[in-house]
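Asker: Sharing a structure here in structure tokens format.
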Amino acid sequence: MGAALLSELATEIVVPVCAVIGIVFSLVQWFLVSRVKLTPDRNGTTSSPRNNKNGYGDFLIEEEEGINDHSVVVKCAEIQNAISEGATSFLFTEYQYVGIFMVAFAILIFLFLGSVEGFSTKSQPCTYDKSKLCKPALATALFSTVSFLLGAITSVLSGFLGMKIATYANARTTLEARKGVGKAFITAFRSGAVMGFLLAANGLLVLYITINLFKLYYGDDWEGLFEAITGYGLGGSSMALFGRVGGGIYTKAADVGADLVGKVERNIPEDDPRNPAVIADNVGDNVGDIAGMGSDLFGSYAESSCAALVVASISSFGINHEFTAMLYPLLISSMGIIVCLITTLFATDFFEIKAVKEIEPALKKQLIISTVLMTVGIAIISWIALPTSFTIFNFGAQKEVKSWQLFLCVGVGLWAGLIIGFVTEYYTSNAYSPVQDVADSCRTGAATNVIFGLALGYKSVIIPIFAIAISIFVSFTFAAMYGIAVAALGMLSTIATGLAIDAYGPISDNAGGIAEMAGMSHRIRERTDALDAAGNTTAAIGKGFAIGSAALVSLALFGAFVSRAGILTVDVLTPKVFIGLIVGAMLPYWFSAMTMKSVGSAALKMVEEVRRQFNTIPGLMEGHAKPDYATCVKISTDASIKEMIPPGALVMLTPLIVGIFFGVETLSGVLAGALVSGVQIAISASNTGGAWDNAKKYIEAGASEHARTLGPKGSEPHKAAVIGDTIGDPLKDTSGPSLNILIKLMAVESLVFAPFFATHGGLLFKIF
């Protein structure tokens, strides 16, 4: 079999050191962003070092135009404070509700898992090897509860820290846009990198420390240890669900309300300070696209790691107690942090962006460079951390696998992620024909725009699904369910870069809003719009990664659940399984209906409030009076807190109800059905929304002859594009991204509760 080249001691050092390097790097990036000051100096410019590096010595646009008004800087600081306070206030309110759920669900985990052996404290025969004794079910209950709480807290912290850095950086990006588009890009990207590296490093470090602490009790019982660790993934995804749904409803209620009244009815620019919903809209970008997305990708990372560890613990790694090989998933993530660190320097230090057209290629290069470097990194980790030959648990049997085969499994997931990213970019960027065709369809009104946008979304599913299918086939053929779990981890191995690119979008969007509200030069708004248009595409790429990895993660978790529940085969021709399959396929539709209706009803209240203020506040349209921003913020907050509970309950309660009343076979059908239909809807919804948004921006920018024939702002084609964008908003920012959490969360929850379902489940079938 051969031992791994990397010793156990070296593994114990490498993983935490890489995590600490990631945290230190994120702090360095934060320090560099903080050098852009939000206080005017005596000359009226923002205080920052004048050393010509990265353009700090450039003249400001205001200086060129002879304006040099330092009240602009003060206004930017005021707006940033309002956005930051609104976002912090909302998250604290949301976390109070989520905290109650977290404690209640933790108690439920303990009671359900503890009751498997009647709360006995005696050692029990192991699940997979009855000749050995393992720790009691009560221990699994207690440690699963602890790991659930750790995962939930880490997820909440990830989202909160991401939101704080985004609200810290938005006005700084606006001010840097006065020096050039390259300076603004670097500030926005560095801020995204702070979030990316903090999240990746924190997730890795907490998981590593948890494993080592649990080992003190479990000792040689690795099967029990890593079964208890699955709670970490459940905690991460539970919080992500509420963050994504709550944040998504908040941001889209404000966005749709602001757009429909401001742009369509009143014909005023986006983010115009006269619009009462404008602060709520900018707050929403941070609580939905930053905090929600951060929690979401942390959940994916935690679950793929847990799925791989559970399968490995009952393979030769766990049986022979090969610690280095066992921590192979964590070593991949450690290498990912180092690779992403090098990749980030290409965007911020090695090359400088000088023109608008260089923004999107620079972000694409980030994906390509990180993927190429990570391929080499995976090869090195596979060579030093794995024995040349080993066995992997495969539904009751042990399958022999070579180390190079596992390298291919991770590699195929990594490259499938890149393919999904590029296909997403092709269908959502206004540099390519699909979005330009959607924009062109606005000539004949909103109806044709909607038809073209829906068709584009459906078509955009094809290649990503083939990429996911091929990666599943290759990884399963080589290394069974463990192969699929590490393929998901491969797709997420460059999570720090992916998050940096993703967070860059909302930061740029906020920067544009602040420029408009502060009354800055139209040239600055053009620069922030260019950053934002590229950010829309990168946000869509980030969602593509999240959905693709969710498909692989949930399949790996599904395999672990089937093994843990003792199901030998999942036969779709049996009635028990088929009814689960068809109900599971319906759940993403039910969930989408709930979230979209929530956005619609919240947006309705917002539209009415914005109209009321325009009609009743004297001098508001003329700019003589200030709108009541606080009421709009309150409408979004109240709506999102109230409306996030039913969709969250649907996802969290379904596995419990099905497992308890119908048993593990029906639950396996539900998980398979939700996975298959959820992935398709999530990809099409995200890409349709992204395409509509960029079709609108394509018309607004008027960068080509074709775009100018459709404009300018306020023209009939532009109004049709705005309507398409408002329809797409809840698709791309609420329903679509939340669906990947639905399929992952139901799978990991089923795995955590599998011992209880296998022992006490299927009550209805036992009665009849």
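Every residue, even glycine, has its Cβ placed from backbone N, Cα and C.
Quick paste from TrEMBL:
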type	residues	note
TRANSMEM	13-33	transmembrane segment
TRANSMEM	97-116	transmembrane segment
TRANSMEM	136-163	transmembrane segment
TRANSMEM	184-211	transmembrane segment
TRANSMEM	326-347	transmembrane segment
TRANSMEM	367-386	transmembrane segment
TRANSMEM	406-427	transmembrane segment
TRANSMEM	461-489	transmembrane segment
TRANSMEM	545-567	transmembrane segment
TRANSMEM	573-591	transmembrane segment
Asker: What same-chain residues lie close to the transmembrane segment (461-489): Cβ under 8 Å, and 6 or more beyond its ends?
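Answerer: Answer is 300-301, 304-305, 307-308, 311-312, 315, 328-329, 332-333, 392-395, 399, 401, 405-406, 408-410, 412-413, 416, 419-420, 423-424, 544, 547-549, 551-553, 555-556, 559-560, 563, 679-680, 683-684, 687.
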Asker: Do the transmembrane segment (97-116) and the transmembrane segment (13-33) come close, with at least three CB pairs under 8 A (pairs 6 or more apart in sequence)?
Answerer: no
Asker: What else in the chain is close to the transmembrane segment (406-427), if you only count residues 6 or more beyond its ends and a Cβ gap under 8 Å?
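Answerer: Same-chain residues near the transmembrane segment (406-427) but 6 or more away: 328, 332, 360, 364, 367-368, 371, 374-375, 378-379, 382, 386, 434-435, 456-457, 459-460, 463-464, 467-468, 470-471, 474-475, 478-479, 482-484, 486-494, 537, 540-541, 543-545, 547-549, 552, 686-687, 690-691.
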Asker: Taking 3+ C-beta pairs under 8 angstroms (sequence gap of 6 or more) as contact, is the transmembrane segment (367-386) in contact with the transmembrane segment (545-567)?
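Answerer: Counting Cβ pairs under 8 Å (6 or more apart in sequence), the transmembrane segment (367-386) does not reach the transmembrane segment (545-567), since there are fewer than 3.
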Asker: State the residues, same chain only, that lie 6 or more residues beyond the ends of the transmembrane segment (13-33) and have a CB under 8 A from a CB inside it; answer 'none' if no residue qualifies.
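Answerer: 6, 165, 168-169, 172, 187, 190-191, 193-198, 200-202, 204-205, 208-209, 327, 330-331, 334-335, 337-338, 341, 344, 348, 496.
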